[in-house]
Amino acid sequence: MSSKGIQKKTKAVDATKKLAEKIKKQALKQKALASASSAASTKESLPVSETISISTSETPVSDVSELSNKEDLSTKKDQSSASSSSSTSSSSSPPSVQSFTEFDLVPELLESIQSLKYTQPTPIQAAAIPHALQGKDIVGIAETGSGKTAAFAIPILQTLYTAAQPYYALVLAPTRELAFQIKETFDALGSSMGLRSVCIIGGMSMMEQARDLMRKPHVIIATPGRLIDHLEHTKGFSLKKLQYLVMDEVDRMIDLDYAKAIDQILKQIPSHQRITYLYTATMSREIEKFKRSLNSPVQVEIVKLEKVPDKLKQTMCLTSPNTKDTRLIQIVNLDSMKRVIIFTRTVVHTRRCCLMLLNLGFKCVELHGQMPQSRRLGAINKFKAGTPILVATDVAARGLDIPAVDLVINYDIPDPTLYIHRVGRTARAGKAGKAISLVTQYDLESYLRIENTLGTKLPKEDLPLDEMQGLQVSVDRALSKAIQMLRNEENDNKLRHRGRSNNK
């Protein structure tokens, strides 16, 4: 090896050592930061009429699989021991609900529940439905897959049966996929009741959706942005007589910058007559603000003990931003026969990584929130059919029917909750799986929070330095080409937009 090559190798090793030292130094600092953050969030909490907290270590069941496969839920869940505490510090156990028949539901709704093989209510359903049937506002803190969709759909359908009217209920969801899943749940549960529902999401025809709205559906499931489009432009459409409002996965809606859109929607819905359900996986200051739109809500919290799959091997790879893409290719090359999901933080990173991989000859597809619905479904179907690599934003981290995955790569480091959702895409159903996280000096705080949550230090992935240096030139070339392709695409879009403006 030449003297220049030795110098390069020495510098890279030194940089890795320095990065490892930084991680050690910031560990104590990060623990203090986590404690301070926890204390601050406690101070921000608003009073509620009652709080019910249920601890469970069960693995949640996907709402979609519950409907599409009609599996017997009793084989998937055992209700854990529960405890509840009210705002006056008294405590009692919530009633043990063994069957949906105990809710005194109308026969038509019970018939649908039984046909779906729903037997014993999940913890969130057992805790929330009785209060919802009494007409109380609900704040539900539970993960996707806990059965929360049925927890708010069943009370709405119960009251709708006795007082049916158009535009009776509105469900706001952060993504198109979740909106479709919620509609499936409502349609299945309301199949014996003549329910009319409509899904109002971006990427679909505004005109067709306007026609659907004019048919006076009972339940509207919508993403916030597209709903505002119809409130502003669809004649005769109004939410002034709305009886129920559901804000599902509010934490994700805030992450997707829908806070202002939700505020705008709330201003158009009479607060004095509506019942509101707010569901979220986490609680934050922003979500506390939305709680103010509820009337003395009952707060139901399912405290799930977050954990990664038992047969998951987790490692981390220390890298610099300049060598991050080369390290990614090294990892993908470890076993080209594996099914891989590469998670990124942004749409730009997803597109750039996918193009780079394609330029290097890999077969892959991308998945992100800016794709039309047809393309998103197409990407998932290609991955299911055998395309080995899926590059995706966190739209693929939860709530989607993604097949068995061998390897998850965290190209960008997420927060601890999203990390658990991401790596949970592998090592499923008792199978082994692996997750590797690429960590730069800019990711230290986020990475340490993950280790804190896991309660363990992740071992380093041993990737040969010589191999990385051998790949660097070809990866840099493929990356430059990908960046240029994105620039050309952006310029073409600008020209098309300018042409449309000139033709008006």
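Heads up, the Cβ atoms here are built off N, Cα and C, so glycines get one too.
Small disclaimer: the values here were computed from a predicted structure and weren't measured.
Swiss-Prot assigns the feature motif 'Q motif' to one of the listed ranges (98-126, 359-387, 417-445), namely 98-126. Looking only at other Cβ atoms within 10 Å, the busiest spot among the binding-site residues Gly145, Gly147 turns out to be Gly147. Just so you know, the Cβ of Ala142 (ATP binding site) picks up 26 other Cβ atoms within 10 Å once every protein chain is counted. Least packed by the Cβ count within 10 Å, out of the binding-site residues Thr144, Ser146, Thr149, is Thr144. Note: the domain 'Helicase C-terminal' (327-471) comprises 65 helix, 26 strand, 54 coil (DSSP; helix = H, G, I, strand = E, B). Around Lys148 (ATP binding site), a 10 Å sphere centred on its CB holds 29 further CB atoms from the protein chains shown. Per-residue pLDDT, averaged across the domain 'Helicase C-terminal' (327-471), gives 90.
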